[in-house]
Amino acid sequence: MTNINRIGLTWISFLSYAFTGALVVVTGMIMGNISNYFHLSISQMSNIFTFLNAGILVSIFINSWLIEIISLKKQLIFSFILTIIAVIGIVLCNSIFLFSINMFILGLVSGITMSIGTFIITHLYSGSKRGSLLLLTDSFFSMSGMIFPIVTAYLLEKKIIWYWSYICIGAIYLLIFLLTINSSFEKFKTNTKNSKETKEKWNFNVFLLSISALLYILGQLGFISWVPQYATEIMNIDIKKTGSLVSGFWMSYMLGMWFFSFIIKFFNLYRMFIFLTSMSTILMYCFIKSENFLNQQYIIISLGFFSSAIYTIIITLASLQTKHPSPKLINLILLFGTIGTFLTFIITSPIVEAKGLYVTLISSNILYGIVFFLSILIYFNKKYERVI
C-alpha cells in the first residue's frame, strides 16, 4: 500500500468522526429553531435525538455483517448518496415526520461511516501506532463539535435558515466521498476474506470491555448532560456561567486526546486504563462534593482531560484481544458505546424526577467506579501480556 493511499484512508477515518460530531452537536444546538419552524414545543422535538441515535445504533449493529457482503468503498459511496437524499429531504420537508425519517437516514450514514473509520485504523496500523491514531481520530469528534457550533451561530446571527447547518455538515461527507473514489481498498478485501475463513475466538475480556464501553459512555453523558442544571439549581450559579463548565470539559477532553495520542506508546495500555478510570472516578466525586464554583471549574477541566482517552483505550484493547480483529469485534464495542448514548436520558430522566439531580450525578460516579473495577479485572484476566 502506497503512503499516499494510507494517508487518504486515514483522513476518511478522521472525517467519519467529524461528521458524527457535527451532526450530534448541531442538532442539539438548533433544536429551538427547528421547533419554531414546525410550530412544536421543545419537548415534542425530543424524538429527533431518538431517531438520530436509533439510526446510529441500527447501522453499527448491521454493519458487522454488511461489511462481508458490500465492500467498504461501495458502502461509503452509497452513504454519500443517502446523505444527499437526507439533506435535500430536510430542506424540502414540511412535516416533523419526514424530518425524523431524514434524521434516521443521517443516523444510519453516521453509524456506518464511523464503524468503517474505526475498522480502517485498526487494520492499517498496529500496536502503539493504532492506539495513538484511534485517539487522534476520536479527537475529530470533539473538534467538529467545537467548530460547527461557531459556524451555526454565525449562520443564525446572519438570519440564515437553520437547515443550512446540515448542508454544511454534508460538505464533510463530500470530502469523504472525494477521498473514497481516489483511494484503494484492496487491503480490506483480503482482510474480510481472511476473517470469513478463520473463526475468531473472543475471550472474556471482550465481554468486560463491551460492558465498560456501555457504562463509561452512560456515566459520562449522564453526568455532563445534567451538570448545567445541577450548577443552576443546587449550586445557585448563574445560567451563563454554567455553560463554561460544559465547554471547559469538552475543550480539555479534546486536548487530552491529542496529548495521550503522543504519550500512549510509552505506557502499558492495561495500566493506563486503570489509572485513567481511577482518576476520573475520584475527580467526578470531588466535583459533586465541591461547593465552590471556581474549584468545580478546575475539577471538571481535569476530569475532561483524564477521561478523554478511556473510550479509545477500550476500543484499542478490544482490538488487541485477537491477532486479526474483525469488523464484528470493533463494531461490538461501538455498539455497546452507542447503547450507552441511547440509554442516557431513558435512565437518568426518571432518576432526576424521583431522586433529584444530586443522586443522578452520584449514579454517574458509581458507573465510573464500576468501570474502574472492570479495568482491574481486565488487567488480571488479559490473555496476552503485551507492553505497548
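Just so it is clear, glycine is given a Cβ too, placed from its N, Cα and C backbone atoms.
Remote same-chain partners of the transmembrane segment (11-31), defined as residues 6 or more beyond its termini with a Cβ less than 8 Å from a stretch Cβ, comprise 42, 45, 48-49, 52, 56, 76, 103, 106-107, 109-110, 113-114, 116-118, 120-121, 133, 136-138, 140-145, 147-149, 152-153, 156, 162, 165-166, 168-169, 172-173, 175-176, 179-180, 183. Annotation source Swiss-Prot lists transmembrane segment at 11-31 (among others), citing sequence analysis.
Counting residues 6+ beyond its ends, the transmembrane segment (50-70) has Cβ neighbours under 8 Å at 20, 23-24, 27, 78, 100-101, 103-112, 114-116, 119, 192, 195-196, 327-328, 331-332, 334-335, 338-339, 341-342 in the same chain. Annotation source Swiss-Prot lists transmembrane segment at 50-70 (among others), citing sequence analysis.
If you look at the transmembrane segment (77-97), the same-chain residues 6 or more away from its ends with a CB under 8 A from one of its CBs are 38, 40, 44-45, 47, 70, 103, 105-106, 108-109, 112-113, 163, 166-167, 169-170, 173-174, 176-177, 180-181. Per Swiss-Prot, transmembrane segment is recorded for 77-97 (among others).
Feature annotation from Swiss-Prot assigns transmembrane segment to 101-121 (among others).
Same-chain residues lying 6+ beyond the ends of the transmembrane segment (133-153) with a Cβ under 8 Å from its Cβ atoms: 10, 13-22, 24-26, 29-30, 117-118, 121-122, 125, 162, 165, 168-169, 172, 250-251, 253-254, 257-258, 260-261, 264, 308-309, 311-312, 315-316. Per Swiss-Prot, transmembrane segment is recorded for 133-153 (among others).
Marked as transmembrane segment by Swiss-Prot on the basis of sequence analysis: 160-180 (among others).
The transmembrane segment annotation in Swiss-Prot covers 206-226 (among others).
Same-chain residues lying 6+ beyond the ends of the transmembrane segment (244-264) with a Cβ under 8 Å from its Cβ atoms: 128, 131-133, 135-136, 138-139, 142-143, 145-146, 224, 227-228, 231, 272, 296-297, 300-309, 312-313, 388. Look at Swiss-Prot and you will find 244-264 (among others) tagged as transmembrane segment, backed by sequence analysis.
Annotation source Swiss-Prot lists transmembrane segment at 268-288 (among others), citing sequence analysis.
Look at Swiss-Prot and you will find 298-318 (among others) tagged as transmembrane segment, backed by sequence analysis.
Under the heading transmembrane segment, Swiss-Prot lists 332-352 (among others), citing sequence analysis as support.
As annotated by Swiss-Prot, transmembrane segment applies to 360-380 (among others). With a threshold of 8 Å between CB atoms, the same-chain residues lying at least 6 positions outside the transmembrane segment (360-380) that come near it are 205, 208-209, 211-212, 215-216, 218-220, 222-223, 226-227, 230, 270-271, 273-274, 277-278, 280-281, 284-285, 288, 310, 317, 348, 351-352.
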Return the stretch with the most CB pairs under 8 A relative to the transmembrane segment (332-352), choosing among 160-180, 206-226, 268-288, 298-318.
206-226
Would you say the transmembrane segment (206-226) and the transmembrane segment (298-318) are touching, if the rule is that at least three C-beta pairs must lie under 8 angstroms and be 6 or more residues apart?
yes
